[in-house]
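For reference, the structure is listed below as structure tokens.
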Amino acid sequence: MSTNVSTRAGRAAVSLSALAAGDAFGARLLEPDGAQAVRGRVLPPGPWEWTDDTEMACSVYAVLYRCGRVDQDALVAGFAAHYDALRGYHRATDHLLRSVRAGGDWRALAPAQFGGAGSWGSGAAMRVAPLGAWFADDVAEAARQAALSARVTHTHPDGVAGAVAVAVAAAVAARGDPLGSHEFLDEVLDHVPSGTVREGVADARALLISADPCAVAAELGCGELIGARDTVPFALWTAAKHHDDFPGALWAAAAAGVRAGGDLDTTCAIVGGVVGTRLPGGRLPEEWRRRTEPLPEWVPV
Ligand SMILES: [Mg+2]
């Protein structure tokens, strides 16, 4: 694993491994002993297996590694080639990737989802943090590339905006500068198009006065609807609040997710992928790295 955080690929690889740790941690906490682990803040025994969030993020990273930008056809081909039905894909994405594998065209399939509305789910946001880290030297480009990466599966404006918000957050975090929580979300808001996700991030900014993730999640949602609108604002509140404390950020996300029953692996994947960009030396804490399932061998890290 490259940890040269001065390169685009190095920064993105760090974000990807941290996203996988968050995803796997969140998924592990959905097991029966998860609530007890959260109460005691004791990491549950490994191995922790990552889910669809990580599998798709690996394809995002691989396309950037090969092309230096989002090639939408290559991205969808990667999603379809590596799709594993046992990794917890949601039904719409499951259907889309199976259809692409059978020869379908994503340009027709993606906009047709949900009766022609397109998907407003959190699936484009959950996989995009490494892209933001890649383009940390050009935040506006991070926002543009994030939108391209989203639209191959999520064409509803909320689905796209969720990906833009997370990518910009990862880009800002990955610069590694000293960062105030309010300024962090201000920079995200500068790039997110208007709509319900942007309104949610603005609400998250106003709630930075709170220290209680459960109370904040009750206001913003924490993935109960598996939508970008009810997932991304809370995840970015958590990242902004704890941007230099990787374990603290993930425990905060977990506390709210376990209580509310939200989409815990996705919330933790987003938080991990964003906050992980600031880990000293790009290294995951050893007790997290040891428990997390390694990335697949086809990923060029
Ligand atoms: Mg998942």
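In case you wondered, yes, glycine gets a Cβ from its N, Cα and C as well.
Whatever TrEMBL says is automated annotation, not expert-curated.
Annotated features in TrEMBL:
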type    : residues                                    : note
BINDING : Thr51, Asp52, Asp53, Asp263, Asp265, Thr266 : Mg(2+) binding site
SIGNAL  : 1-20                                        : signal peptide
Seminar exercise, completed: DSSP, reduced to three states, assigns Asp263 (Mg(2+) binding site) to coil
Exercise. Out of Asp53, Asp265, which of the binding-site residues has the smallest number of neighbouring Cβ atoms within 10 Å?
Worked result: Asp265
Exercise. Counting Cβ atoms within 10 Å across all protein chains shown, which of the binding-site residues Thr51, Thr266 comes out on top?
Worked result: Thr266
For this session: Can you see whether DSSP assigns Thr51 (Mg(2+) binding site) to helix, strand or coil?
Result: coil
Problem set entry | Cβ neighbours of Asp52 (Mg(2+) binding site) where a neighbour is any other Cβ within 10 Å | 27
